[in-house]
Every structure is written in C-alpha cells, then in structure tokens.
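Visitor: Just lifted these from TrEMBL, have a look:
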DOMAIN    1-359  domain 'Major facilitator superfamily (MFS) profile'
TRANSMEM  44-67  transmembrane segment
TRANSMEM  79-101  transmembrane segment
TRANSMEM  107-127  transmembrane segment
TRANSMEM  173-194  transmembrane segment
TRANSMEM  214-235  transmembrane segment
TRANSMEM  247-266  transmembrane segment
TRANSMEM  272-293  transmembrane segment
TRANSMEM  305-328  transmembrane segment
TRANSMEM  334-355  transmembrane segment
Amino acid sequence: MASVRSCVSVKPAAGPARYRSARVGAASLEPTSLRIAASQSATMLLAVRVLFGVAEGVAFPTMSTFLPKWFPTHERATAVGLSMGGFHLGNVVSFLATPIIMSHIGLAGTFAFFASLGYLWLSVWLSNVESDPIDSRTISKSELQLILAGRSKSKVKGSKSPSLREVFSKMEMWAIIVANVINNWGYFVLLSWMPVYFKTVYNVNLKQAAWFSAIPWGVMALSGYVAGASADFMIKSGLSIVRVRKIMQSIGFIGPGVSLLCLRFAQTPSVAAVIMTAALGLSSCSQAGYFCNVQDIAPKYAGSLHGMTNGIGTVAAIVSTVGAGYFVQWLGSFQAFLTLTAVLYFSATVFYNIYATGDLVFD
C-alpha cells in the first residue's frame with residue numbers, strides 16, 4: 001500500500017486536511033471547556049456540547065473528500081478501516097484509561113490529559129499532511145503515479161455540488177442514504193441501550209465494568225480493518241466495485257440483524273454480551289459498503305454528499321436513542337424492539353442490493 005505510506009510523509013496545505021485539523025483543534029478544547037461550562041450552568045454545558053458537536057461534524061465528510069485523493073480505488077476500504085479503527089481504539093483507550101488517570105490526577109487532570117493528546121495529534125497533522133498528493137513535494141513519482149492511476153475517472157477537483165433535486169432523484173444515492181439511516185439506527189440502539197437491556201433482562205450493571213464497555217469498540221476496530229482489507233482484496237482480484245460493496249453491506253446488515261434475533265435465546269448475560277459484540281463487529285463491514293460507496297459514485301462531491309447523508313443518518317440515531325423507551329412500551333418488550341431493528345436491517349439490505357452502484361453518478 002504505497003499510498004498509505006506516502007499519505008503520512010507530506011506537507012501541509014489547504015483543503016480537507018485543514019478542515020480536519022480545525023475540527024480536531026476545536027474538539028481538543030472540549031475537555032477543558034466542558035469542565036468550565038459544567039461549573040457555570042446546565043445551559044452553558046449544553047451549549048458547549050452543541051458547539052463541539054458542530055465542530056466534530058466535519059470529520060466524516062472531510063475523510064470522504066481526503067481519501068479519494070490519496071488512495072486508489074482498490075485501497076480505499078482499507079484506508080477507511082484504518083481511520084475508523086483509530087476512532088474505535090480511541091474509545092477503548094479512554095474507557096480503560098480514564099478511571100486510572102482520574103485516580104491519580106483527578107477529573108480536571110483527566111480533561112487536560114485528553115485535550116493535550118488532541119493538540120499533540122494536531123501538531124503532527126499540520127506538519128506532515130497535504131490535502132492532495134499532487135501538491136506534495138516529498139512524495140515519489142512512482143507513488144504519485146500509483147495513486148493517480150487508481151483514481152476514479154472524475155478529476156476530483158472542486159466545483160459546484162449537485163443540487164438537492166439531483167441528489168434525491170437518484171436511487172443510487174437513496175441506497176446510501178437508507179443504509180446510513182439504518183446503520184446509525186442500529187449502531188446507537190446497541191451502544192446506547194446495551195446497559196439498559198442488561199439491567200432490565202439480566203439485572204447486570206454494565207456501568208460498573210469499564211472493560212465490558214471497551215470490548216465492542218475493540219472488536220469494531222479489528223473487524224472494520226479486516227472488512228476493508230478484504231473488500232480491497234476482492235476488488236484487486238477482479239470483482240466489480242458494486243459487487244464488493246453489496247457483499248460487505250449485506251454482511252454489515254444481515255450479521256447484526258441475525259445477532260439481534262438470536263438474543264432471545266441467550267440464557268446468560270455472558271452469551272448475550274458475545275452476541276451483541278458480534279452484532280457491532282459485523283456492523284463494521286458497512287464501512288467497506290455504503291461508507292465507501294459515496295466515494296465511488298461521486299468522488300468530486302464525496303465530502304458534501306457524505307455530510308448530507310450522515311446528517312440524515314444522525315436524525316435516525318437521535319430517534320432510535322431517544323425513542324427506544326417509547327418503542328419498547330409500544331411493542332411490549334425490549335426483544336420486540338430489537339426484532340423491529342433486525343427487520344429494518346434486513347429491509348435496508350434488500351434496498352441497497354437493488355439500487356446501489358459502483359459507477360460514477362455525479363461527475
């Protein structure tokens with residue numbers, strides 16, 4: 001993966017690299033700002049959380065803009081897997097390290113520690129990362145040729161994004177939107193309501209077990225990378241991009257759906273924990289499915305389109321997280337709600353397989 005090596009040996013420039021650095025710089029203020037805001041009022045705390053949510057919202061869109069420029073088509077899923085793996089491993093480290101850090105330097109020191117890590121990363125990023133390999137003065141000609149040869153036929157240069165009417169008139173785009181919506185729905189149901197489920201069904205308090213909270217994130221990091229590498233291997237072996245995307249997306253939805261249905265047969269919390277972890281791990285295959293698909297169909301506009309689809313998906317995440325309790329009451333049991341989520345997974349799989357494509361849609 002020559003382009004993976006070259007991506008970390010370049011110099012700074014404007015573009016998605018700068019947007020991402022601004023996002024991390026703002027996010028690094030969060031730990032210290034939260035402490036100050038919390039000491040003032042609940043309203044200020046909420047306002048700070050909203051502001052940092054806005055700052056962090058550019059992460060995935062800038063990734064979708066950055067990766068098509070730096071990675072050939074047959075390496076993008078692996079690149080996404082590595083990037084998202086870092087995201088998940090960060091959660092593993094924070095879950096496990098926070099109690100230890102707090103015991104030594106207190107809550108304020110913990111906030112300062114994580115903020116300093118963000119600024120350390122920012123200094124490295126600004127000093128070493130270029131938005132486009134064409135602008136790099138350190139990348140070798142052979143590496144540049146490899147990247148350019150593996151790019152989509154679109155030139156991936158900035159221009160006006162397609163109108164909303166154009167976007168919503170394409171079923172190929174709807175395939176990605178629906179997949180994003182259901183992925184976020186299931187993902188946040190599993191993560192947000194897992195402690196409630198175990199407390200309700202098994203009378204087990206997961207909040208007292210940081211190690212258990214960390215396990216799903218670690219599994220997702222590993223499975224996401226394996227899924228990405230497997231997808232790229234299939235593409236390099238001759239399978240079409242669309243077939244690979246559909247295979248990975250099917251695994252990413254059918255796997256969690258089946259896992260949720262199997263929960264009704266779990267007799268112990270340990271078995272249920274394994275099943276839920278498997279559901280989250282298999283869901284990471286979606287990173288090599290719909291997540292990469294927007295870069296396939298619209299590399300020139302991948303950032304803006306990913307931002308739009310992720311915004312819609314976030315609404316679904318809010319509905320599933322906030323509304324889960326109401327759904328459980330309406331359906332009569334937690335298992336019925338999980339069955340509904342499984343049905344949504346299966347339905348979205350069918351929809352995606354019918355309408356998804358690997359060809360350019362917006363050029």
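Each position is counted from 1, following the chain as shown.
Glycine is no exception: its Cβ is also placed from the backbone N, Cα and C atoms.
Because TrEMBL annotations are produced automatically, they should be read as predictions rather than curated entries.
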Visitor: Let me check one thing: do the transmembrane segment (334-355) and the transmembrane segment (44-67) come into contact, meaning three or more Cβ pairs under 8 Å with sequence separation of at least 6?
Guide: no
Visitor: Can you give me the average pLDDT across the domain 'Major facilitator superfamily (MFS) profile' (1-359), rounded to a whole number?
Guide: 81
Visitor: Of the listed stretches 79-101, 214-235, 272-293, 305-328, which one has the most C-beta pairs under 8 A with the transmembrane segment (173-194)?
Guide: 305-328
Visitor: The transmembrane segment (79-101) and the transmembrane segment (107-127): do they have three or more Cβ pairs under 8 Å, with pairs 6 or more apart in sequence?
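Guide: As far as Cβ distances go (cut-off 8 Å, pairs 6 or more apart), the transmembrane segment (107-127) and the transmembrane segment (79-101) touch.
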Visitor: Could you pull out which residues elsewhere in the chain have a CB under 8 Å from any CB of the transmembrane segment (214-235), counting only those six or more residues past its ends?
Guide: 73-82, 84-89, 91-92, 95-96, 190-191, 194, 241, 243-245, 247-248, 251-252, 273, 276-278, 280-285, 287-288, 292
Visitor: Hey, which bits of the same chain come close to the transmembrane segment (247-266), Cβ under 8 Å, at least six residues off its ends?
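Guide: Result: 77, 179, 182-183, 186, 190, 227, 230-231, 234, 272, 275-276, 278-280, 282-290, 293, 335, 338-339, 341-343, 345-346, 348-349, 352-353, 356.
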